[in-house]
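The structure appears below as structure tokens.
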């Protein structure tokens, strides 16, 4: 055996700490706040239920063993119901490290191993364990060297590129405002609780706020609300981006790309170059205004459905720089400027989409409410504002569709498929043809008669990227893609 068999570190029990210990800690905290620990002890069944997750973690630690031989990575678990998992070493796509605060204190690494079978979402090729730092580094070296065909020698690493904190702050501030809205709601929930206490204690804040709002004209109230939304969204976006991506560093590891980042939870990814499917350059409307965007990489084990972070390769890079930067780490990752765009007559098909229907449903609902409020005289705002909101929703819907029509693009050559998709948020994608597993077209009889179809590419990538749909393209573009795909 090259490694093991052995158990992981005891600190594996504290991996995903909030998920494992969050419920019992919350129950005990509530009992302490209300000063009624006796009631908790009398209802010990409730406490026992909350301890199921920690108990399962502890059981898994005692009865799970890991080992590596010349060909496979073995995981044996269970006491009465034995389970054996064997992963061929040459199928491993990434070996990653994570360190939460507890792991950093104990000098322990959380190790995550992914192979090609985990991209389909079944998780059969995904293994997570915790090891002391020296053991984790030794296991990683063995797995990655064997996945490259038995080369055990160390490869020369390139110079580390560290992203300035200013870039991370700017990326967070310029991110899409949909995610900013979710952050604002979470913060408002906390602020509301604090303000409610102030109201209850009669500090006079309530009268000042209501008086301030009442004195403002309606149009200025709306403008102030919009300005506050964008400012708060930018500040929160920058704050959370720094926490998540602080210290973002990328390095060329020879046959792999090495990425690490994190402030409180440190993460370290090793992505095999030959198993990277492609890259994405993503721009929100605000990013396009400053000709910037962030670069994602499509690789199994990085940025999949289990992780909340994007598969980030570089936060905030210029429109003229991203292709050269991506190609310096992933050879031949070049975006083709010569390709196909939707036919002029196909613009009407772009209006058949969920977001357009949702926008106009909301606008229609607002107008219906306006009619009801007009009859009942129970309107919560001036009726003219209903028409303004409805018109704004309809305008956004139309602009979103027109922007998508203008952005949509597809090109194919012998090595890559180049795509441009999205409306207000535009995404440029480069996919290696050898990583495409399927290609299909779809469209109604009417669309096909007009020579228009939607093209779907099946890619070896995480669940979030394992398929790409390019809507309403000429049928000839689909035929070009089929010719360059290598099955």
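In case you wondered, yes, glycine gets a Cβ from its N, Cα and C as well.
In TrEMBL, annotation is done automatically, which means it is predicted and not curated.
According to TrEMBL, the feature transmembrane segment maps to residues 385-402, out of the candidate ranges 385-402, 403-420, 421-438. Cross-referencing 144-168, 219-243, 244-268, 269-293 with TrEMBL places the feature transmembrane segment at 219-243. Taking H, G and I as helix, E and B as strand and the rest as coil, DSSP gives the domain 'YdbS-like PH' (245-326) the counts 14 helix, 41 strand, 27 coil.
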